Amino acid sequence: MASQELAQKLQRRLQLEESGAAAEGEAEAVKGTAAAGEVEERSCLTASAGAELSAKLCRRQDINEGAAQPRRAAVFNPYTEFKEFTRRQIKDMERMFRLYDSGRDGYIDLMELKLMMEKLGAPQTHLGLKNMIKEVDEDFDGKLSFREFLLIFHKAAAGELEEDSGLLTLAKLSEIDVSIEGVKGAKNFFEAKAQALSSASKFEAEIRAEQDERKREEEERKHRRAAFRELKSAFTQ
């Protein structure tokens with residue numbers, strides 16, 4: 001009887017030892033899997049960081065070699081960047097830009113530029129249109145942003161466009177007067193810059209005029225509402 005009980009105890013202890021070994025093996029396997037995952041994750045992160053750094057270095061090299069332009073800030077204010085133009089001139093350019101941006105995507109692509117030049121009575125060849133875009137295409141995307149569109153008139157006013165340039169033709173044929181300097185033949189751009197600096201007070205006056213106009217419109221709306229209320233009360237009495 002005692003020997004049977006002893007045998008059962010030995011068998012039980014053996015089972016416990018075997019289960020403990022299995023548990024330890026399972027734990028080791030889990031640790032090994034986790035370690036492998038961590039190694040793989042670190043490897044992926046290292047590869048990703050390496051690719052990102054490589055891309056940045058390549059872009060920096062392109063910028064240094066003139067094959068790419070530095071990215072500009074997302075916020076673009078035409079009134080502060082193109083101070084040589086009045087607010088009215090910039091608004092006129094914006095209206096023209098929107099008129100020919102038929103895709104309403106904020107860009108004038110090659111086909112939209114083709115239509116613009118045809119409307120202005122100066123159709124261009126396909127190559128001519130591509131060259132027009134290339135002259136001001138700072139980000140090399142093959143189309144004109146509003147800022148690049150303003151550059152056309154900036155370069156025209158500064159006398160920086162060749163006489164046979166399609167962009168100069170565009171500037172001359174548009175109804176926007178940007179002839180601070182170059183378009184009407186003045187030769188000294190520095191004189192034009194001095195004139196632009198002296199127009200700061202005019203710029204402020206335009207802002208005040210716009211504010212006064214809005215005030216007048218608001219007053220008119222108030223008077224119309226008051227008159228309507230008086231008329232309504234007269235009918236309800």
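Every residue, even glycine, has its Cβ placed from backbone N, Cα and C.
Note that TrEMBL annotation is computational and uncurated.
Between the stretches 17-39, 63-85, 109-131, TrEMBL puts its region 'Disordered' entry on 17-39. Per-residue confidence over the domain 'EF-hand' (88-123) averages 94 (mean pLDDT, predicted model).
Note on the domain 'EF-hand' (88-123): residues 78-79, 82, 129-130, 132-133, 141-146, 149-150, 153, 166, 169-170, 173-178, 206 of its chain, located 6 or more positions outside it, place their CB under 8 angstroms from a CB of the stretch.
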